[in-house]
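> TrEMBL feature annotations, pasted as is:
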{"type": "TRANSMEM", "residues": "12-31", "note": "transmembrane segment"}
{"type": "TRANSMEM", "residues": "85-104", "note": "transmembrane segment"}
{"type": "TRANSMEM", "residues": "124-151", "note": "transmembrane segment"}
{"type": "TRANSMEM", "residues": "172-199", "note": "transmembrane segment"}
{"type": "TRANSMEM", "residues": "311-334", "note": "transmembrane segment"}
{"type": "TRANSMEM", "residues": "355-374", "note": "transmembrane segment"}
{"type": "TRANSMEM", "residues": "394-417", "note": "transmembrane segment"}
{"type": "TRANSMEM", "residues": "438-463", "note": "transmembrane segment"}
{"type": "TRANSMEM", "residues": "469-490", "note": "transmembrane segment"}
{"type": "TRANSMEM", "residues": "534-556", "note": "transmembrane segment"}
{"type": "TRANSMEM", "residues": "562-580", "note": "transmembrane segment"}
{"type": "TRANSMEM", "residues": "639-661", "note": "transmembrane segment"}
Amino acid sequence: MPILSTVWTEVLIPIAAVIGIGFALLQWYYVSFISVSPAKSSDNGHEDYLLEEGPDGPDAVIKCAEIQEAISVGANSFLFTEYKYLGAFLGAFAIVIFVFLGSVENFSTSPQQCVYNTSEECAPALITAAFTTVAFVLGVVTSVLSGYLGMKIATYANARTTLEARKGVGKAFIVAFRSGAVMGFLLAANGLLVLYIAINLFKIYYGTEWEGLFEAITGYGLGGSSVALFGRVGGGIYTKAADVGADLVGKVERNIPEDDPRNPAVIADNVGDNVGDIAGMGSDLFGSFAESSCAALVVASISSFGTSHDFTAMCFPLLISSMGIVVCLVTTLFATDLYEIKDVKQIEPALKRQLIISTALMTLGILLVCYLALPSSFTIYNLGSTPKTVQWWHLFFCVSVGLWAGLIIGYTTEYFTSNAYSPVQDVADACRTGAATNVIFGLALGYKSVIIPIFAIAVAIYVSFALAVFYGIAVAALGMLSTIATGLAIDAYGPISDNAGGIAEMAGMSHHIRERTDALDAAGNTTAAIGKGFAIGSAALVSLALFGAYVSRAALTTVDVLSAKVFIGLLVGAMLPYWFSAMTMKSVGKAALSMVEEVRRQFNTIPGLMEGITKPDYATCVKISTDASLREMIPPGALVMLTPLVVGILFGVETLAGLLAGSLVSGVQIAISASNTGGAWDNAKKYIEAGASEHARTLGPKGSDPHKAAVIGDTIGDPLKDTSGPSLNILIKLMAVESLVFAPFFAAHGGLLFKIG
């Protein structure tokens, strides 16, 4: 028996979640102290301005507030419209879940024989179908809430970050980071708390019949990833349509700065940062957390944890996530309270220090949780073979290898995407001879950047599987996601800083303010790439864990790649990421084409626009991005959601197993390559623009031929790093968790074509 009692487990998990929510609200409270009104009254009754009248004075503050309001209204409008369409689609999908799973036993309300413990009776399939549908809805609501709250704090904090930059780069950094921490802790804590409450509510009906309970809980992960898919694709199309349109016409054709208020697409571009990089990323990582937790719980429920009804050991994945919240809370204090940023050169090291500190502390936290929450020895289900005997310290190594593999992936991503290192500098240097060589070097960098992350993932898979089979892989994924609050904080920091720079430019603030926000943004670009690396790496482990759970639920003892049924699945699965990427890339291209035409039209037909006398029509550009993203997100979303259903029904569980394996192997490679190539092109452009070194100055200034070549590369890379690449990790996760949820249906009624033959 574990040292930690059931009572303490039931107390500590919700307490950790509540602490996380409380800490997030505290950070929001600190950010709210910064006023976006131009003046405040001092004790002596006089108006006390932060700075004197001038480009950074009261007029600029009023402009910042107006711009922030426009961005917030645009983001709100898009998300509400997106969620309205999403609600209709996912409502229909919830009905499909209930009907398909209920039909496994022909909608019988009689108890059925358990799949694993055949000597006992389990809940009727119809009841499990109903609970799975409820879990799906809970996952959808929690994912929507995670994305929306992240967007709200980001739009609340962007102008405040700009205004704090007047006091110094350190003050602005703290605002941006605190705001990112709000999103990180709200997401981690809400996801944990809702999952814990759902388990306890489901226990009221299921009692000690954990096989059915945790089969139903898998709907939670499916709901989370379903929202994430559409959030990532829709938000990615929105932001990149605006970004590409603004860059191609504004920076390349008209030679005006990024975020220049004369550019009609600039508000849409800033809105896109929030709906794509904030709301989309939030839903994405919530989906990863929910799926890895569900995969671990499903495997554990049919192992000795389940048969002995050991609630503390069953809740081991949730205890790991609880410890992660506490560790990330302590880690955050190093950025906001214990260490002060005084110079722009300290920003990026401070963010990277968050990763190191959280990983080191979490390693100790994992050891403590494993020692207290696990029996000294137990058995894990092993796909038809003899159950695997595992010691408590085996799981310590499983979780830790996932945690440290995440750090390796993060630092490798940083090396290949930061302009402080030679790979990006080489890409920038290739701009001397034009856009073509820039593109060639960027593609080569992306392909090369796959090597180390794949080896790190491979080592994590081998070690965790050798020690604890598929349960080991599931908890390794949880290890990589255990510091999700810190990871999301440094990830959300990037778009907030990007918006802050845009607001400074649009408000006409002085050059030294823009230099500070540019420094914040440059560091944020690298941390955003690191965040994408974490998301992709965790997706690989989560998908493999879900694959193991699917194989067990589908009653497969082996998956034989030499079988024709499996091999055709492998081929089609490996093709799907290419098909999906083609759809999302073309969607961005079509939306960007409309945006470019509109921006050109306004520059050509609105008198005084280039001179800054007349305001552009921002609303039309916002509408173009909104309409295009909502229209174009449906086909790729349908491809991912419908493929497992079609393959499972027509070809059966073996072909679907091959499909999942093929999409995993292919999708991870493309996702890493696309994200890092796009990130490298972006930072190569910023390297030339900043002109911080002698080499960079030889390539500049802005408007030079090398700079224009770099802008073209960045424009090509935008949909790679912010639409296709990040969406691919959701593709492989979502197909795996959907297959797991529908596994009983496919096992009972699937393979229609082969049955006819």
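Just so you know, glycine gets a Cβ as well, placed from its N, Cα and C.
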> With pairs restricted to those 6 or more apart in sequence, evaluate whether the transmembrane segment (534-556) and the transmembrane segment (172-199) have 3+ C-beta pairs under 8 Å.
no
> Determine which residues of the chain contact the transmembrane segment (12-31) at the Cβ level, with the cut-off under 8 Å and only residues 6 or more beyond its ends counted.
4, 153, 156-157, 160, 175, 178-179, 181-186, 188-190, 192-193, 196-197, 315, 318-319, 321-323, 325-326, 329, 332, 336, 485
> Is the transmembrane segment (85-104) packed against any residues at least 6 beyond its ends, judged by a Cβ distance under 8 Å, and which are they?
125-126, 128-130, 132-133, 136-137, 140, 144, 219, 222-223, 226-227, 230, 630, 637, 641, 645, 741-742, 744-745, 748-749
> Between the stretches 124-151, 172-199, 355-374, which wins on the count of C-beta pairs under 8 angstroms to the transmembrane segment (311-334)?
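By the under-8 Å Cβ criterion, the transmembrane segment (311-334) pairs most with 355-374.
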> Would you mind listing the long-range same-chain contacts of the transmembrane segment (394-417), meaning Cβ under 8 Å and 6+ residues beyond its ends?
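Distal contacts: 316, 320, 352, 355-356, 359, 362-363, 366-367, 370, 374, 423-424, 445-446, 448-449, 452-453, 456-457, 459-460, 463-464, 467-468, 472-473, 475-483, 525-526, 529-530, 532-534, 536-538, 541, 675-676, 679-680, 682-683.
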